[in-house]
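As given in TrEMBL:
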ACT_SITE  Asp68  active site, proton acceptor
ACT_SITE  Asp137  active site, for ring-opening step
ACT_SITE  His139  active site, proton acceptor
ACT_SITE  Glu144  active site, for ring-opening step
DOMAIN    13-226  domain 'Glucosamine/galactosamine-6-phosphate isomerase'
SITE      Ser147  site 'Part of the allosteric site'
SITE      Arg154  site 'Part of the allosteric site'
SITE      Lys156  site 'Part of the allosteric site'
SITE      Thr157  site 'Part of the allosteric site'
Amino acid sequence: MTEVIIVRNEDEAGEIYARCVAGLIKAKPDCVLGLATGSSPLAGYRHLARLVKDEGIDVSGVRGFALDEYAGLDPNHPESYRSVITRTVVEPLGLDPAKVHVPNGNLDTIRDAGHEYDAAIEAAGGVDVQILGIGTDGHIGFNEPGSSLASGTRIKTLTEQTRIDNARFFDGDIDQVPTHCITQGIGTIMKARHLILMAFGDGKAEAVAETVEGGVSSLCPASVLQLHPHATVIVDEAAASRLRNKDYYRWAYAHKPAWQGI
Ligand code: GLP
């Protein structure tokens, strides 16, 4: 079953993620982190950076792979996912930039970039923990509704809704939001050994309910988490508001023995 943890706020969710990943880095100093952009993972990165500093955790061997990138956007653009990952993860944590990879959205090479990216993840031994946000339409990475649940990293066309949602990063102007992207496929994401999806606010409530308690369907790409052997969904009260089994999730987490781990 997908474990659902209902927290008070993003900070509490961030702490849970940070404790989990800090423990992983200590146990496996060359672990592979799956990284995501968007606002949902930010508290997790912030808390992880604090733990790394406070506990003097050596992160020099940590490797990372981001989920996605806009197609044709200059990697130096402040909203390219290369820039966002550098700003929110690589720099605050002090990771070695050479060990952190983002799909290459350069239009000249994009047709081969997907296969190469999947091969690089595989050569690294696969992702240990993949953090995920979720789009209001249930997308993960940039796998929009209708994406193959077995897909590898590839070019995708963004939906109008995703471009509207992301216009806030481009001066509120949808015309500046790229129309295409390169994203890890759902099959790629599913190979990660542990998935942690975070969602906050009532705008995500419907997508979360579909993900956890709806049928598994490409119409809600995140619902594929139900097929993953180790998936954790961390949500605040607002994002949890449409879950039918809320009381059970709450009870299970409140009574979770320490030995069960995350
Ligand atoms: C973008 C990213 C996704 C992210 C989503 C939600 O579409 N490609 O990886 O999950 O935004 O972002 P937020 O967490 O800001 O709501």
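Cβ from N, Cα, C; glycine included.
Where the annotation comes from TrEMBL, it is an automatic prediction and has not been curated.
Feature map: annotations from TrEMBL on the structure.
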{"residue": "Asp68", "record": "active site, proton acceptor", "DSSP class": "strand"}
{"residue": "Asp137", "record": "active site, for ring-opening step", "DSSP class": "coil"}
{"residue": "Glu144", "record": "active site, for ring-opening step", "DSSP class": "coil"}
{"residue": "Arg154", "record": "site 'Part of the allosteric site'", "DSSP class": "strand"}
Given the recorded positions Asp68, Asp137, Arg154, Lys156, Thr157, return the subset with CB under 6 A from an atom of ligand 1, ordered by sequence, or none if empty.
Asp68
Sequence-distant neighbours of Asp68 (active site, proton acceptor) in its chain (C-beta under 8 A, six or more apart):
Thr37, Tyr81, Pro103, Gly141, Phe142, Cys181, Ile182, Thr183, Gln184
Long-range neighbours only, meaning 6 or more apart in sequence with Cβ under 8 Å: which ones does Thr157 (site 'Part of the allosteric site') have?
Glu144, Thr179, His180
For the recorded positions His139, Arg154, Lys156, which one has its C-beta crowded by the most other C-beta atoms within 10 angstroms?
His139
What is the nearest of the recorded positions Asp137, His139, Ser147 to Arg154 (site 'Part of the allosteric site'), using the Cα of each?
Ser147
Listing them in sequence order, which of the recorded positions Asp137, His139, Lys156 have their Cα within 10 Å of that of Ser147 (site 'Part of the allosteric site')?
His139, Lys156
Run through the Cβ atoms and count how many others sit within 10 Å of the one on Ser147 (site 'Part of the allosteric site').
22
